[in-house]
Amino acid sequence: MAAALSDPAAVAEGQEPLLSPGGEEDSSRDVVESQEHYKSRWRSIWIMHLTMFLSSVGFSIVVMSVWPYLQKIDSTADASFLGWIIASYSIGQMVASPLFGLWSNYRPRREPLVVSTVISVAANCLYAYVHVPHSHNKYYMLIARALVGFGAGNVAVVRSYIAGATSLTERTSAMANTSACQAVGFILGPVFQTCFTLIGEEGVTWELVRLQLNMYTAPVLFGALLGVINIILIFAVFREHRVDDMGRQCRSINFEGEESGVLDQDAEGNIDQVAVVAVNFLFFVILFVFAVFETIATPLTMDMYSWTRKEAVLYNGIILGVVGVESVVVFMVVKTLSKKTGERAILHGGLLIVLVGFFILLPWGKKLPNIQWQEIKNNSIPRTTFSEMFMPFWSLQAMQLPSNHTAEPTGCPVSQSWCLNTPMIYLAQYISSDILIGLGYPVCNVMSYTLYSKILGPKPQAWKAVP
């Protein structure tokens with residue numbers, strides 16, 4: 001019986017709950033959880049894993065198609081504006097994370113979770129309608145992506161809840177699963193996008209509500225549907241729980257009725273603030289390099305390999321789908337490997353692999369990319385090679401298509417000066433880099449999250465980590 005009192009896992013297997021070491025009912029620091037509480041706690045944790053996954057999918061499900069869609073709806077948009085659209089998601093998340101975190105520290109976490117998800121659903125619906133206005137479409141897309149990022153600020157609430165709802169022995173695995181859900185969401189989002197390329201660029205139009213269902217809008221509408229399902233699960237399944245490092249029930253400062261347990265828990269010990277800052281910076285670097293890689297994939301391949309908009313979305317989705325399978329395997333292996341070698345050693349190895357992946361991505365050859373020519377009267381010469389730039393002007397005129405030709409120009413735009421002097425990245429280089437970054441990123445993601453949760457312990461982590 002003494003073992004059952006100190007081991008939450010034993011309680012989960014049916015041992016007597018809520019007894020003191022003397023065998024009497026007690027409300028002291030030695031209270032353990034019942035089997036029902038244990039199951040409810042882990043159901044809530046898995047809902048948080050799903051929320052984390054969907055937040056990441058909200059970013060990546062359109063990242064492969066943002067550039068071609070932007071070109072399609074607003075001809076005034078350039079690559080620089082694409083950077084702002086991608087950055088708007090992160091800016092929105094950066095602003096929202098401390099706000100939702102502060103909210104969750106003083107109120108039931110269900111509130112910021114539901115509100116943030118509703119914002120994401122509404123923003124995805126807005127993205128599906130950015131083609132409707134007659135002008136300034138690119139700014140509507142910017143606002144939509146910023147709001148999706150704002151809704152994704154709930155990751156702070158998710159991380160805080162899981163850290164506070166797990167014992168020390170459970171935390172590494174739970175946080176690793178959280179990181180896995182986030183990373184897999186980043187990686188598998190483009191796979192969902194790939195499936196929707198079958199609809200095509202035109203798709204079908206529902207005139208009654210002016211909705212175009214095509215390869216660009218279907219993914220965000222699918223994301224909105226997943227968000228609605230997530231809201232339903234938060235209301236139906238999620239409950240507020242908190243335990244200390246030993247697995248004993250504690251009362252949370254944002255408790256809700258009797259859901260949060262039976263004990264009050266004071267902050268235990270001091271937190272290494274330098275370690276907190278270091279891990280946060282490290283996590284910033286990890287997400288930064290992967291977001292850059294995933295963001296430039298579509299415009300890079302369109303310029304380097306003369307892929308059309310549809311080809312770029314399809315082929316990159318397939319490549320990242322394979323990388324996603326690789327990442328799932330890595331997650332399963334790294335959780336076991338970390339118990340033998342430690343988190344820091346594996347983190348160093350993951351960073352080294354990512355560095356090698358970007359090193360391989362440098363242009364090493366001599367062949368220049370095909371040049372895309374867009375001449376006067378909106379005529380175009382698709383898939384023009386670099387050697388053709390030395391042709392006489394009258395030869396180029398002879399090669400131009402009729403003025404009513406609507407073929408999509410492909411290749412590296414001549415307006416980008418680097419196209420004329422930067423060697424192309426061979427496809428083998430690009431795929432090799434994908435494989436290495438897909439291997440290193442999940443390793444770094446899991447280990448940085450795990451180290452962070454161990455540094456902070458079970459205290460509220462969503463807003464700040466202070467004694």
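Placement of Cβ uses the backbone N, Cα and C atoms for every residue, glycine included.
For reference, TrEMBL has these:
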type	residues	note
REGION	1-32	region 'Disordered'
DOMAIN	44-467	domain 'Major facilitator superfamily (MFS) profile'
TRANSMEM	45-69	transmembrane segment
TRANSMEM	81-101	transmembrane segment
TRANSMEM	113-130	transmembrane segment
TRANSMEM	142-162	transmembrane segment
TRANSMEM	183-200	transmembrane segment
TRANSMEM	220-238	transmembrane segment
TRANSMEM	274-293	transmembrane segment
TRANSMEM	313-334	transmembrane segment
TRANSMEM	346-365	transmembrane segment
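Same-chain residues lying 6 or more positions outside the transmembrane segment (81-101) and placing a CB less than 8 Å from one of its CB atoms are 59, 63, 66-67, 70, 112, 116, 138, 141-143, 145-157, 160, 291, 295, 299, 461-463. The stretch from 142-162, 183-200, 220-238, 313-334, 346-365 that makes the most Cβ contacts under 8 Å with the transmembrane segment (274-293) is 346-365. Cβ atoms under 8 Å from those of the transmembrane segment (45-69) belong to residues 79, 82, 85-86, 89, 113, 117, 120, 124, 127, 141, 145, 148-149, 151-152, 154-155, 158-159, 161-162, 165-166, 174, 177-178, 181-190, 192-194, 215-216, 219-220, 222-223, 226-227, 230, 233-234, 237-238, 291, 294-295, 297-299, 302, 309-310, 312-313, 316-317, 320 of the same chain, restricted to positions at least 6 beyond its ends.
Per-residue pLDDT, averaged over the domain 'Major facilitator superfamily (MFS) profile' (44-467), rounds to 78.
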